[in-house]
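Structure record follows, encoded as structure tokens.
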Amino acid sequence: MTVLGTALRPAATKVMLLGSGELGKEVAIECQRLGIETIAVDRYPDAPAMQVAHRAHVINMLHGESLRALIEQEKPDYIVPEIEAIATDTLVELEQAGQKVVPTARAAKLTMNREGIRRLAAEELQLPTSSYRFADSEEGFRAAVTDIGLPCIVKPVMSSSGKGQSFIRSADQLSEAWRYAQQGGRAGAGRVIVEGVVNFDFEITLLTVSAVDGVHFCAPVGHRQEDGDYRESWQPQQMSDLALERAQAIARKVVLALGGHGLFGVELFVCGDEVIFSEVSPRPHDTGMVTLISQDLSEFALHVRAFLGLPVGAIRQYGPAASAVILPQLTSQNVSFGQLQSAVGAGLQLRLFGKPEIDGTRRLGVTLAVADSVEEAVARAKTAAAAVIVEG
């Protein structure tokens, strides 16, 4: 039975967020709703979740001893990773000593890099995936491309938001693709995955919750990617009953194999009735921000409810909804937002993340819309996002 203490009191229930971006901010808010003491950690100060947490710490989370020292200092009841770039071996050791890691330290370790989760999915669980090879050197990379064939995709085994990722159409792109992959890894230069191109009709994120009362599925989320990062997402994505059944079967296998309780973002390719596994995040997914307006329980509320050991019950989806990102390009440490009257209204909401600075292109907010159709919801969200004026 779950018992929650009161924040800032001796019996407080403490949650430590490792990673304090916009997704962590929403998780922190859901924890605050339940009176949970929230500690936000990231590699830079004033990150979004730090602005709504009880305490904040700035450390290099890839440095195992620094991470261990902070955890031993704060003594959280739950450690909740929000990003991949964490010293996961340290989390495994701490979990073995009794520390609770959400959903499990093994899940964090396997999904920290694309190799761990790809080998689990393709080789252990025998799920359908794209063809793939791994490489440690430029010579090995070129050999992998020859094996896979063109066109293909190369990604650092550890990166996010499209960093270091290239779509290779011809052999004269290989040197630049290798160089970019070595620059884009979250933990520095190193191993890459070369993937064959999958012919698909659309991509989905199947938000899957593993909780004390079983495995639950949100309605499938469709999304559009550009430069490796999402631009719009919508719910529900229309798909055949057979494809949805297959998608749920794949997602169930993956989350049960990873173990623990929480919400998982399972990314899948859909072609007709066929479904191919792509990736999984053992935490809320950026494309799932649409659930802030589309469901009675957002992906963040579901994640917190699940890892606290509370039942999820039924998830109510309200109908066609969409999100669109606010993605300006500028350099500033004093960003302001204008023309906001065009970004809010009936069935139209706005979230600004509070990121302290921007240097280039950065996702600073999202608009959320509901409508009578998915197409109309996407159009409303995109129009609202485009109307916001970002200055600094």
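Yeah, the Cβs are placed from backbone N, Cα and C, and that goes for glycine too.
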Swiss-Prot annotation, N(1)-(5-phospho-beta-D-ribosyl)glycinamide site containing Glu22, Leu23, Asp286, Lys355, Arg362, Arg363 - matching residue among Glu82, Glu226, Glu232 | Glu82
Out of these binding-site residues, Leu23, Val197, which one has the fewest other C-beta atoms within 10 Å of its own C-beta?
-> Val197
Same chain, 6+ residues apart, C-beta under 8 Å of the C-beta of Asp286 (N(1)-(5-phospho-beta-D-ribosyl)glycinamide binding site), given in sequence order | Glu22, Leu23, Asp229, Tyr230
Looking only at Cβ atoms, how many others are within 10 Å of the one on Arg363 (N(1)-(5-phospho-beta-D-ribosyl)glycinamide binding site)?
-> 19
Among the binding-site residues listed as Glu195, Val197, Glu203, Lys355, within 10 angstroms of Glu267 (Mg(2+) binding site) by C-alpha we get Glu203
Look up Arg362 (N(1)-(5-phospho-beta-D-ribosyl)glycinamide binding site) in the DSSP assignment and report helix, strand or coil.
-> coil
